[in-house]
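Quick one: the structure is below, questions incoming.
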Amino acid sequence: MKEPDAIKLFVGQIPRHLEEKDLKPIFEQFGRIFELTVIKDKYTGLHKGCAFLTYCARDSALKAQSALHEQKTLPGMNRPIQVKPADSESRGDRKLFVGMLGKQQTDEDVRKMFEPFGTIDECTVLRGPDGTSKGCAFVKFQTHAEAQAAINTLHSSRTLPGASSSLVVKFADTEKERGLRRMQQVATQLGMFSPIALQFGAYSAYTQALMQQQAALVAAHSAYLSPMATMAAVQMQHMAAISANGLIATPITPSSGTSTPPAIAATPVSAIPAALGVNGYSPVPTQPTGQPAPDALYPNGVHPYPAQSPAAPVDPLQQAYAGMQHYTAAYPAAYSLVAPAFPQPPALVAQQPPPPPQQQQQQQQQQQQQQQQREGPDGCNIFIYHLPQEFTDSEILQMFVPFGHVISAKVFVDRATNQSKCFGFVSFDNPASAQAAIQAMNGFQIGMKRLKVQLKRPKDANRPY
């Protein structure tokens, strides 16, 4: 039976061929094991070289940590084993955030409110520079069970005098959660993250790809809209109009049996709102047929593609998928889930015969060269140091996409342990995006560290001539 205050341990630096039955003899000498689980990739099922361990008794966990952490190196590993409380324990589900307090309540008032649930290590009401209460506090118990009991009893249980809503009691955020939230706030201030893209994931990949084009334009601080940028903006307006009517809110799955969700079928084209102007340009007026007015003026001479008339209905999701094809080569992992969700359009022309072997070989060589070209031009590649240990390629891609079109984003990983080295690189397709990323993210704090973002030196920078 597990004790209420038992500690969940994270075990790292273990060989990938060792399963639970192989690891148990190492840890059973310190006490009875309640649960031991090797962590595996949820998609591939591959061993990740780490595990979670929970003893029945708290003392057993402390003994194991004291005897093994950084003390013993398992066969086949270059670094000693890591045994420490898991993230949820170290933060550790003992510290509570208390919101919607009255402005007049003191530390002692809050302590009296929470004392019935256990021993309190810390109790602090947050105050501004002038000493005025911010209406919230942090309370830290000795055990997770005590903190959980306080949440179960007090959360939303009452409205305190001077508060505008019921009492809020929840576990405090981790450093990682606060860091990610600040990154999202920075991106929101830059006006480059789409809430639609963040909410609907793979179904909005087309929108995210178009946003990269717009982000690069913003990073360059250019007031002139090029024809290609104007086209991207018009396309983004079209997608925003579709999303505003809830057309992307219903996921399409292969089992649904239809390529058009009910929201699309029930929404007439005339109900789609007019798109907003781009950088001061007014939206192009349209006739009832869906075609642009004959006297309309277009920025840079680029005609926006109008919504389809009722006489020729086209699935807007299928349009999005068709327009997304040329982005899939750059980010295959990001779009791998999209293809099954969108049915393939019917062939409009007869199937072409396969190219001759010589042409196939040339195409394969070109594809290999494109895959090998991971870096952008000189002045477009940046290094990022002091990354959190848990950050992967997808996290730094999400972090730097707002600044422009990303060619590649990579976190360096130790080949022996498959653990992050806490630094990586990002390549853009233009210097302006790289400089904008450096200015915004260099010195950005995540947890206890600040990111160091700098430009990679050109290949010939060290040459004396």
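Along the chain as shown, the residues are counted starting at 1.
Backbone N, Cα and C atoms are what each Cβ position is placed from, and that goes for glycine too.
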Ranges 109-137, 283-311: which does Swiss-Prot label region 'Disordered'?
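Comparing 109-137, 283-311 with Swiss-Prot, region 'Disordered' matches 283-311.
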Going by DSSP assignments with H, G and I as helix and E and B as strand, what are the residue counts for the domain 'RRM 1' (7-88)?
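Helix, strand, coil within the domain 'RRM 1' (7-88): 24 helix, 26 strand, 32 coil.
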Based on DSSP, tally up the residues of the domain 'RRM 3' (380-458) by helix, strand and coil.
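Each residue of the domain 'RRM 3' (380-458) counted once, the result is 22 helix, 30 strand, 27 coil.
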Across the domain 'RRM 3' (380-458), what is the average pLDDT of the model, as a whole number?
86
Please list the DSSP helix, strand and coil residue counts for the domain 'RRM 2' (95-174).
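Grouping H, G, I as helix and E, B as strand yields 22 helix, 26 strand, 32 coil.
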